[in-house]
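A short write-up of the structure that comes next.
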């Protein structure tokens with residue numbers, strides 16, 4: 001029964017819908033016929049009749065009646081003509097009635113509607129006027145007569161205006177206040193642009209004609225209230241323009257003709273004879289090596305000058321300013337479309353990215369803006385963006401957008417900056433420029449160790465070259481020594497022969513473990529010296545050496561490893577142990593570690609290494625997991641590559657985005673050749689011998705722990721790698737080599753799967769071997 005009743009209801013509903021559609025089609029047809037009747041004489045007697053009656057009913061407004069009929073027919077067909085739910089339709093009818101009243105009053109303005117005026121006479125006049133398509137017809141006559149009687153002429157006009165505005169608001173859902181605000185905003189914008197055009201035409205900025213301004217930075221501070229319509233002045237010196245365009249090089253002092261720095265050594269152990277023309281030659285250089293010092297002290301040594309480096313060239317693009325403001329406008333509109341109110345309060349244009357600083361309205365969650373990363377990138381037509389929420393030290397959110405024209409930061413600019421010249425250390429690191437174009441120079445002593453990681457081609461090798469060059473431009477060979485480890489062979493070999501090297505660049509991974517082991521021994525020796533003389537660090541020790549001539553100064557040592565992954569593959573245990581010991585204790589001894597890798601995975605950058613190296617630099621990586629391995633947070637996966645980095649020094653709350661300084665191979669070769677001309681290399685043979693001994697031991701398949709390992713396995717009666725690892729506290733690789741050595745000597749048996757190996761000799765046999 002229920003099913004039958006449901007079917008009946010469906011049939012009734014279908015019939016109702018069909019009936020409404022049929023009625024709608026009839027009404028639409030009448031509307032079309034009426035439309036043609038009003039504008040054409042080809043509709044016959046029916047058309048003439050409709051035209052005549054429409055004009056009598058509505059007068060001049062009869063031309064709108066066909067459109068109203070069409071509108072009603074369409075609503076009827078779509079089943080949307082409901083009185084309760086059709087406020088818009090009613091609003092449209094009210095507007096039409098007000099229009100007819102207005103037409104009628106204007107046409108019959110000379111007729112006084114009072115008690116003497118007969119209603120019938122007024123109606124006859126209205127019909128005659130309507131036939132001529134004038135006035136408001138019968139409808140206009142009826143309603144105008146009523147309103148004029150009740151409110152008079154003035155009151156009728158007020159009523160018409162009031163009803164029209166209310167109906168218009170109901171019909172469009174648009175606020176009049178909003179319309180007025182937009183109108184005056186557009187008007188204000190037109191006036192401001194006109195004044196600006198006149199000002200730009202009259203005013204010529206002389207600073208743009210200067211040839212010294214090469215590299216452009218825009219620091220734009222805007223206070224945007226209505227889609228960047230009101231830009232407040234934020235720079236004190238800004239008078240002519242509301243946006244100040246600064247040049248990157250304005251912050252750098254141009255010192256083409258620098259004074260030569262006086263870098264004479266206090267001890268004259270090598271004399272360099274110059275011919276009268278002042279030219280150095282190999283025949284004129286005599287060397288006298290001091291045995292007590294272990295390295296050459298140079299009588300006359302000049303630090304490299306910045307003229308060895310290239311100066312960057314960057315052409316100014318006048319359209320950049322307009323483009324940045326357009327992006328700021330689009331950014332605000334995009335957030336507004338998602339219901340987020342935020343104003344751009346400052347824009348900072350750097351070498352490779354532009355940061356828009358957003359100030360959200362009260363009550364807006366930061367996470368809402370962060371979640372719109374992809375939508376913002378789409379709106380700004382950008383490949384990718386990075387959001388810093390919030391910016392440290394500011395109540396704002398940073399939207400970092402890549403520049404279309406990326407500028408190269410030359411290392412020369414950083415070296416000529418006040419930041420580099422004022423840095424009080426012999427081991428500085430000229431990183432590059434931040435988002436605002438400010439040169440960033442840090443002190444390796446404060447790091448005190450650094451981990452650099454990033455994908456291939458992201459800028460790691462250039463970063464290491466800038467680090468080494470920064471030290472060479474500040475330090476003399478007896479003040480800082482370098483220990484370079486380059487398993488890739490080709491990256492750091494160019495520095496062979498400079499006087500700052502302790503030994504030639506280490507390229508063999510087996511020798512690299514020995515070099516790190518020497519660094520650990522050197523650290524221990526230095527601490528013993530500090531304890532002997534009652535000092536706590538290298539600076540106190542060297543200060544004492546300045547007073548007491550018998551005490552020899554110690555140079556600071558910077559150990560640079562260009563590819564950690566290769567070393568971890570050859571001897572992970574020994575390398576990790578050496579790195580951890582140096583990272584934990586070497587700072588006070590004046591030894592600093594710089595480690596770089598292109599494979600930032602947990603098996604290369606282990607938890608122990610990360611825990612002991614607090615300062616990090618992350619270049620572009622392929623995934624967020626790699627970024628977390630380096631920085632313990634995401635962000636590096638959104639970097640642009642080519643020197644774009646996140647610098648996370650010890651003590652910082654968040655990493656800082658920097659465009660790294662660039663130095664090419666030719667510039668490096670110039671500096672190396674200059675240093676070789678100043679002084680020859682004097683490698684320390686003792687270090688080389690120590691490393692060679694360790695390598696020879698490994699190559700002979702023997703180990704100094706082998707006798708002790710043999711005693712342990714003979715006493716235990718069985719041998720396994722894990723047993724040796726526990727007892728001798730060594731890594732897996734070394735324990736495996738000990739087992740292989742014992743197998744070759746016939747002390748233990750062969751491999752038997754997961755079982756321990758059999759011991760083939762007894763304790764008596766071992767005693768006999770010791771006696772022999």
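Backbone N, Cα and C atoms are what each Cβ position is placed from, and that goes for glycine too.
Cβ neighbours within 10 Å of residue 454 (ATP binding site), excluding its own Cβ and spanning all shown chains: 28. According to TrEMBL, the feature ATP binding site maps to 454, 455, 456, 457, 458, 459, 460, 461.
The domain 'FtsK' annotation in TrEMBL covers 437-628.
The annotation transmembrane segment is assigned in TrEMBL to 21-42 (among others). With a cut-off of 8 Å between Cβ atoms, the residues of this chain six or more beyond the transmembrane segment (21-42) that come close are 48, 50-51, 54, 62-63, 65-67, 69-70, 72-78.
Annotation comment: TrEMBL describes 54-78 (among others) as transmembrane segment.
The transmembrane segment annotation in TrEMBL covers 90-108 (among others).
Positions annotated as transmembrane segment by TrEMBL: 150-172 (among others). Residues 87-88, 91-92, 94-95, 98, 101-102, 105, 144 of the same chain sit 6 or more residues outside the transmembrane segment (150-172) yet have a Cβ under 8 Å from a Cβ within it.
Mean pLDDT for the domain 'FtsK' (437-628) in the predicted structure: 90. Within the group of binding-site residues (457, 459), the Cβ with the highest number of other Cβ atoms inside 10 Å belongs to 459. In the three-state DSSP scheme, residue 461 (ATP binding site) is classed as helix. When secondary structure is read from DSSP and collapsed to three states, residue 455 (ATP binding site) falls in the coil class.
The number of other CB atoms found within 10 A of the CB of residue 458 (ATP binding site), across every protein chain shown, is 25.
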